[in-house]
Structure formats: structure tokens, C-alpha cells
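> If you scroll down you'll find the structure; I have some questions about it.
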Amino acid sequence: MPKYRSATTTHGRNMAGARALWRATGVKEEDFGKPIIAVVNSFTQFVPGHVHLKDLGQLVAREIEAAGGIAKEFNTIAVDDGIAMGHGGMLYSLPSRELIADSVEYMVNAHCADAMVCISNCDKITPGMLMAAMRLNIPAIFVSGGPMEAGKTKLSDQIIKLDLVDAMMQGADPKVSDAQSEQIERSACPTCGSCSGMFTANSMNCLTEALGLSQPGNGSLLATHADRKQLFLTAGQRIVELTKRYYEQDDASVLPRNIANKAAFENAIALDIAMGGSTNTVLHLLAAAQEGEVEFDMTDIDRMSRQVPHLCKVAPSTQKYHMEDVHRAGGVMGILGELQRAGLLKDQTRTVLGISLQEQLAQYDVKQTQDPAVHTMFRAGPAGIRTTQAFSQDCRWDTLDDDRQEGCIRDKAHAFSQDGGLAVLKGNLAIDGCIVKTAGVDESILKFRGPAVVYESQEDAVNGILGGQVKAGDVVVIRYEGPKGGPGMQEMLYPTTYLKSMGLGKQCALLTDGRFSGGTSGLSIGHASPEAANGGTIGLVRSGDSIAIDIPNRSITLEVSESELAARRAEQDKLGWKPVDRQRTVSLALKAYASMATSADKGAVRDKSKLEG
């Protein structure tokens, strides 16, 4: 039977000093021997998705202590990708994921914590904590801050829903008046919470449900709604139960690697494809799988992408639905229920509720259960009141959206498309693959061929797009923006947004070894692997080269002869695979990250071969 890790610091005469320090933190004599549970918070006033988390850690802590544990809270950093976007700050976003994972490991292992509750929300925080949970493999439950309410405003006598991307697009569109742009800006982000569409933050919080590491409702229940408080209370109670089951009953089934196993990762990517989630989730799932030694890679993602239909269409792929609408339709449990009925779910995986996914769906899928409490929970809706306070309203929809033919969530027979929301493309331009969010691609450009317009940085691409260098039919190529080449693998939301604002959103393609915001839509292909800095073919493209993209057949081809490519490669080998004339300051911290970063097909994690002798 495993020994409590915390006993290392709480038992034995030689630990008198450690116990003295524990006492100074408030631990009482009768507490020694109880499990020490880390409350891993990520409160910050920089990020709307985290601004309301300050007191929620102690909410969890009180429940832990009432259930017989010792709760100790600490915070991680949290970068707001939207605020960091469009300037040098975005270089730090993805590397912050590794720092978060490491900082959780450092705190938990340094103090010998027995288990943890992870309070996350936004883009890199949930993935960083997920990587740490898989790495440490101690009992863990995730509970996120929840989604923001969708913005709403009146334009041309019509109420429309808004989000961050609308503010960015309107601000970049020269045809939009200053007054309208300011109106959209003021209305786009009305409350605390992660941005209101199926962007990276909400996608990842949904995926923790599919992985079995969070409770039903975690991904979709609004940050402002009073019902969300129960998720935090239950997390505090439940983590003590899981901890005692492992350490006192030798039940290893409650550990993250046994909950989030290969089948659970396949369920997570099936959910991601079905809901048209952010392409960043691919990066983060690959990274988490590696931390947990789960054999899950791009081959699995490619296979699943050919099987799973697109069942849920949400902003940025449509402005009709946001996360509050997904919740009203049954949330993640509703989507997983449809995958189950389509035979596309492995429902014998376990969850932090201590039951199988099949049993959990029987209780929480609104199409399977008539439990009034569950139906009431999924009717939790927005209040439309600007606030930074969690649990500040208790509004409810009058009815559920359980229309699986024309509603927000569809059954397989009435899917938005039988082809899923994500696809892996391969070819001589991306030998190890690249990712496109097909949910956001117009049917007219699923097959596309055009001349390349090559840029060595995102900044140059933005200037080129706004300067009129890109024409209808072009393929914009932005390279040396991968994990190593950027470094930091910047998000390319501004280039895609500006293509739309210039009227080219359905007339151009964009290819990069960088990545895209969860707010991106259009023919935007990212994660080209190997990246240019690692000798990838994307580093050999020249302006004017023809590029052929075929999403239905999952291919991407640089239409240049092998002999010409060989000559170009020899030239780049001499030049060292570096961007030409790029003006960018790279700090020592970023250089340290770049020195060990793998390409996107490996999750942009550290190259462990450089650490192992």
C-alpha cells in the first residue's frame, strides 16, 4: 500500500523543523497524518478568465479540510493570449505552459503534497496543469473558472452576439466606422471568464471532461453562474475521497494516468473533432500524453479525424452559438452522448466521479436522463450584466436545447458535416503533418491551389496583408514561427483576422509552422512539421511557388520538383535555416526554451533526448 507522500515532512523526529514550519502555516497537532492536498490556483488580475479566481481556492480548501485533509494553496503564472497577441508578448505564451507544468511539479514535490485540485481556465494554464498532473501521477481534479458570457449589442436594429474576435475584426476593417468599432469593443467581453467561443481555453476545459479529470459542466457552465460554485465545493470533497482511496485502499484506478489513458485521449480528440475545437488542443493533448507516457500521436489524431463528424458548431465558426448555448444543449456530456450513440466513444474509461464514462453519461446526458436537477443545471444561462464576480447570477433558460436535428448539438445523422471539425494534412510540405480547423473552412475552398506569398515573420505578414501585397487566390506562408524558430510558436490570429477584414477570408489560404488562436477560422493551416528552423520544407518555399491544398484527401503539396527542392535544401543547410532579415529581440529565457523545443507534431515539448545521457 502506498505511503502518504506528505509523511516525509510530517513524521519522525528528524522532521521536527519541517513540522515547526507546518505549524507556522496553521497546521494543528491533530492534523499531522492527514493528507496534504495542493490547491493549485492561477488567479491574476491580468486575465479576465482568472480575475475571479482569487477566493475560489479557499472555497475548495475549506471543503478539503472539512472532509479530513490539509489544504495548501499556491498560484501559477497565467498569460492572457489576447492581450499578448500582435506583439512580442506572444513569444512567451506557449513557453509559459512548460513553466506552469514545472512550477506545479516544483511546489508539489518540494513539499511532498499527496494530491491536488487544479483551478485553471485560460489557454496555457489548463494544458500546463494537465501536463503536471500526468507527470506527477497523484490524485488530481480539474475545476476551471468557466466561460465568459457572450457579448451582445444592437446593430441595424438587430441584437447580435459578440466575442473578442469580433472586436479585433471590426477594429481592423477600414470600412467600419470608429463609432461602430468602439461599440463592438465595449460589448465584446462583458464578464469574467474565458472568452465566450470555442476557443483554446474553453476547448481545453471541455477536453478535461472527456479525459475524465473534471466534473460534468466544467467546460460549459458560465463563470458568472451560481451553479458553478458547486463544482468547486464538490472538487474539494471529492479529492479527499480519491486521495484516501489511493493511499489507504491501494486503489490506483484514481490516478491521472489510469483515468486519462489511451482510450480517454481518443475520447478527448473525438470530442475536439466533433465540437470543432481549437487546433491548439492537438498541441496540448500531444504534450500531456507524452508527460503521462501515453502512446498517443498524430497518427491517432489523423485516424480519428476521418471517423468523427462535426456535431457542434460554435463561434468562431458561427456567430449563432457560443459556450452558453453549448451548455443549454447539454454541454460536453451532450456531445459525448451523441458520439456514444454513433459508436464513436470508448465509454468504459473512468472519471474522477469514481464511475465509468458510460455510467456518467447515463446520469448527465440530457437525452438519457430525466433527472430534473441535471436539466436545471444545463438551463443555467447568462444574465447580461457586466461583472468580474464569480457566481454572481442565477438566470436560467426557459427550456433546454435538445433539438439534435437543427440545434447547437446535432446527432450523427444531422451533423453539420460528416467530416469532422479538425484534419491532419500531410505531404512534401509537411512530412510530419499540419493541422487545419475544417469547422471554420468554407466548402468552396476545401480544395485550393495558389501561388505562395512568403513572409519570414508574423509582423511582416501583417504589414503585407494590410499593405495590399496579398491578392485573392494567394497562399500566405508565414515561417520561422515554430516552437524553435519563433521561438515560442506565436498565434497567427492577426493575419487571419486581417485577411477577413480585407475581404480575403474565403479567397486565400494561410500556412505556417506557427499556430492559430482558438478564435481563428478560414483556410488557416498551422503546426507545419518539421518547422522551418528544424529543416522543414516550409523553409524552402519561395514566393510564386504553387501550393496545392486538398482537405478531403488530407494532402498539402509544394508543387516544385524534387531536384529543385534538393538544391534549395543544400543552400539552406549552408545558411543555417534562419529567417532572412528578421528584426526580433529574443531574450535568454526564450533562447533557453528554443534550445530544447520539438516541432508541433511532438507537442512542442522539450526534446528529452537532450536531457538524457
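Each Cβ is built from the backbone N, Cα and C atoms, and glycine gets one as well.
As annotated by Swiss-Prot, active site, proton acceptor applies to SER517, with the evidence given as sequence analysis. What Swiss-Prot records for ASP81, ASP123, LYS124, GLU491 is Mg(2+) binding site. Taken from Swiss-Prot, the feature [2Fe-2S] cluster binding site applies to CYS122, CYS195. Among the features that Swiss-Prot reports, N6-carboxylysine is placed at LYS124, with the record citing sequence analysis.
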> What same-chain residues, at least 6 away in sequence, bring their CB to under 8 Å of the CB of CYS122 ([2Fe-2S] cluster binding site)?
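Result: VAL47, GLY49, HIS50, ALA78, VAL79, ASP80, ASP81, SER194, ALA201.
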> Starting from the Cβ of ASP123 (Mg(2+) binding site), draw a 10 Å sphere and report how many other Cβ atoms land inside it.
34
> With the Mg(2+) site defined by ASP81, ASP123, LYS124, GLU491, which remaining residues of that chain have Cβ atoms positioned within 8 Å of the Cβ centroid?
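Output for this site, in sequence order: VAL79, ALA84, MET90, SER93, LEU94, CYS122, THR200, ALA201, ASN280, SER517.
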> Can you count the other CB atoms that lie within 10 A of the CB of GLU491 (Mg(2+) binding site)?
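Step by step: centre on the Cβ of GLU491 (Mg(2+) binding site), count other Cβ atoms within 10 Å, giving 32.
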> Secondary structure at CYS195 ([2Fe-2S] cluster binding site) (DSSP, helix/strand/coil)?
coil
> For SER517 (active site, proton acceptor), which of these binding-site residues sit within 10 Å, Cα to Cα: ASP123, LYS124, CYS195, GLU491?
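Close binding-site residues: ASP123, GLU491.
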> Between ASP123 (Mg(2+) binding site) and CYS195 ([2Fe-2S] cluster binding site), what is the CA-CA distance rounded to a whole number of Å?
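CYS195 ([2Fe-2S] cluster binding site) has its Cα 10 Å from the Cα of ASP123 (Mg(2+) binding site).
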> GLU491 (Mg(2+) binding site) to CYS195 ([2Fe-2S] cluster binding site): how many Å between their Cα atoms?
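Cα-Cα, rounded: 16 Å.
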> How big is the gap, in Å, between the Cα of LYS124 (Mg(2+) binding site) and that of CYS195 ([2Fe-2S] cluster binding site), rounded to a whole number?
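Distance between the two Cα atoms comes out at 14 Å.
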